[in-house]
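For reference, the structure discussed in these notes is given below.
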């Protein structure tokens, strides 16, 4: 949806089920595997490697590199000045439209941040993934390799004090500032990774394909955030290249909502973003060469080399569309809406053959400046721009802004800030002097405004919790319910904020609302007693007490098993209010399944073992940590609803390695249950007597060769103390996942 939001398309009558005649940049040709990989031989095998996405060995900076510490040495004003200078210094190897790279940098930042999707928190600009495949070679990212190369001298100058992830996003913010727009703020703090991460962007095997992500009338499958393989949001020519602005509005609304944007934010981003720069479709896209990942080695990562004319400047081909939205493409103003409503529009084609709109009957001819000093042009718009006028909801919004441009300015500033920062988590993670005040979408939590509990208080509170009548299983499940809502992808959820007691989390089926209410009532009583009697203004938040209670239960269960462990506890969590909790936004954190609790939502069709791996990935735990957590939680009796599946012990509530010992016992033979779906029965191999029941969440630790190797370690006779210690460490990690203040 930004200034070059879709590359030229193939003959989509065969490749995308479209009748579009738009030109195409050829799709990569899949190469035969030699040799075949394990995933080729066994495509349904779970991918345990996804739990180790960014090993420290991959970083040239070393495991001890501290980005916030390095960033603190950065002169951000000097950095901004240098980025501004790059923006207005045109390079012969890729000349700047209108002498200004602002539009290109906005598109680069937008397309980095805009991959974010709310359903699973993946995507976004937080790790600099645009540098790597597939994003660096997506059809929607044509020519963004040039934008990053323009910034290389700046990155080279400031070195590790500024990450690529931050610089890519910051450049777009600087572009707006340089063209007269007052931005809402900016937060640094995105740390680079050093290799691509496998993300399911879609099942289609051709660029610009759509056939495997839709069902029904036009129901976009979860968790996808884009309508089309290789695009950030939607096809700017309309659905499947059919130039229908009303149908395009449906796609726009759906895809932007999946990035957590409402109608006003969506319209603000489109109108605001398209107030700058232009798109590029000067000629035949068949003359454009391969993307960076397929380009010849001598091009050094430069892709899409074009033989149309000079291949750059006035001859540039990026999207195949040739649109300049306003008479002032390097200056903020209300020109986009003034033109959108100031003319009637007729459907035309770009020089590259892509559908777009031009002012009707030659109106406005010559009023739009040429980027390189040529004759003036006629006003033009994308199909998706006309959607802002033809869709009744977008029309009401944009007509109001036409009359009140100051409202557009404010809406765009806030929506742009949200776009750039949506995947960064709480504002406590932001660095730099330009961070705006906390916003509702950042899931704000209050600052600590009281003295924290000390070691003596912690010991006393643990004793009260354990004497409260609540069971080990209840305390463990409650703490797990709070902390396991965290997801590493966009740093949302977790125990901090105490939102387990608020809507929507307190009503989630996975959290067993009736039992949860009972536990919280007891813990709130303990909290109130302590806070009303503690000396020196000490208090404990319910968020802290929930975690402390779970940790006390783990320590007790370990002691009951003959093992002394200490679960680290750091107070400092606070309790958020319902008013500062966006119920609709939090709803996407509700688990479809949680294999750690042996929970699955009714009707879920995906294999449980795959959902377990996905859950572990979002929690940021390694394969060994996932293994020890599942085994320990089963021993503690922490299953959803008190289910006995996977509770391979005669002493539930005691922290032991019984899960692994009994899972790997060859005296047990497993078979699928005839009485219950997704349940397996473990019977004595000799007598046939039923011993245990399990789900795939349990049996995967015996069937998958990698996980079995880990399970064997914890089933060894010398592993009992190690198991208890490893469980305590993994438990503490999950409890502290959202404690960015401890990093």
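From the backbone N, Cα and C atoms, a Cβ is placed for every residue, glycine too.
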What range among 446-467, 468-489, 490-511 does Swiss-Prot describe as region 'Disordered'?
490-511
I'm validating the feature mapping. Which of 1-40, 41-80 is tagged region 'Disordered' in Swiss-Prot?
1-40
Roughly how many Å lie between the Cα atoms of residue 107 (site 'Transition state stabilizer') and residue 274 (heme b binding site), rounded to a whole value?
10
Let me know how many other Cβ atoms fall within 10 Å of the Cβ of residue 111 (active site, proton acceptor).
27
Cα of residue 274 (heme b binding site) to Cα of residue 111 (active site, proton acceptor): how many Å, rounded?
14
Structural state census, the region 'Disordered' (490-511) (DSSP three-state):
9 helix, 2 strand, 11 coil
